[in-house]
């Protein structure tokens, strides 16, 4: 979804006075809600990464969800420097103005890159879940971890290349006394660029992913319900039941993620269609569209921040792993003690075999114990090679 809030929010300074409802919308979204949501989202995505990267969570779907968390986390972190504009003393300094105007171009481009990554990663994980349910008895069609990683790398690289031209759409305004931080380049004024490349950009980055998600998610929800009915009809062993339940939970997470994505990006799709049909100037100069643009930015930040809550609410395995990682330290120690051999440095009383640094094992020598029993109390040992 194209995000131009870092540009359009500053263009309004030269358009004259704005209606009160636009100013209130800008203040509530940019100065109150977005900073809070971004901070909570950074924490939530960080916690999600700590859980999703655990070895017991390894799966193709988890790879996509991990990449989704990384993309959302980077998108939220990109907004942090602009929060310092809320401080009048910092925002008024020339050094900060010079930095923030250069950074605005970078944020404008990378916002679009990560939003596009999020959209296509959501499409990819939805298709992966659909294939897993529809063709579960065809292993060659099921996505593997290696294939998932290749798809993730391809999405990130393609998204960056696709939006690379945006670096040349705006330049920082060197006049620090001017309220307008960015200036439009001649590239935007080129009819060919505005007509073909920009419209193709909007279509591939915003419109097509949303429509694909609507179709793929509908099929996924249908096969999810079908698989659940089939599982209830055929009572299998407890192990297969647990596997089916885990599959249902993972698929339910994907369905919920897609629904939230579509809901939060609906305003962005409307704005993208308007920009593609009417042009940027039509959108940038009209107060209702400016208000919608700030609401769209808020919804995008919400979409990037809410996935952790979805994982905790739907997936039992995610909750258990989260508790083990962050809360159940004693449970984790007990699990590690029962799952791995005892320490090599344990004494003979714990039932382990002491070793030397060179790999030699100490075993009790009956002769040595008899010969030295009076002075060593039977604790002398002889070396035996492994």
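Note that Cβ sites are derived from N, Cα and C of the backbone, with glycine treated the same way.
TrEMBL entries are annotated by machine, without manual review.
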The residue range that TrEMBL labels transmembrane segment, out of 295-314, 315-334, is 295-314
Per the Cβ under 8 Å criterion, with at least 6 residues separating them from its ends, the transmembrane segment (246-275) contacts 1-3, 59, 61, 65, 68, 118-119, 122, 125-126, 129, 132-133, 202, 206-207, 210, 213-214, 216-217, 220-221, 224, 227-228, 231, 282-283, 289, 292-293, 295-296, 299-300, 302-303, 306-307, 310-311, 314-318
Open item on the list: With contact taken as 3 or more Cβ pairs under 8 angstroms (pairs 6 or more apart in sequence), are the transmembrane segment (64-84) and the transmembrane segment (295-314) in contact?
Closed with: yes
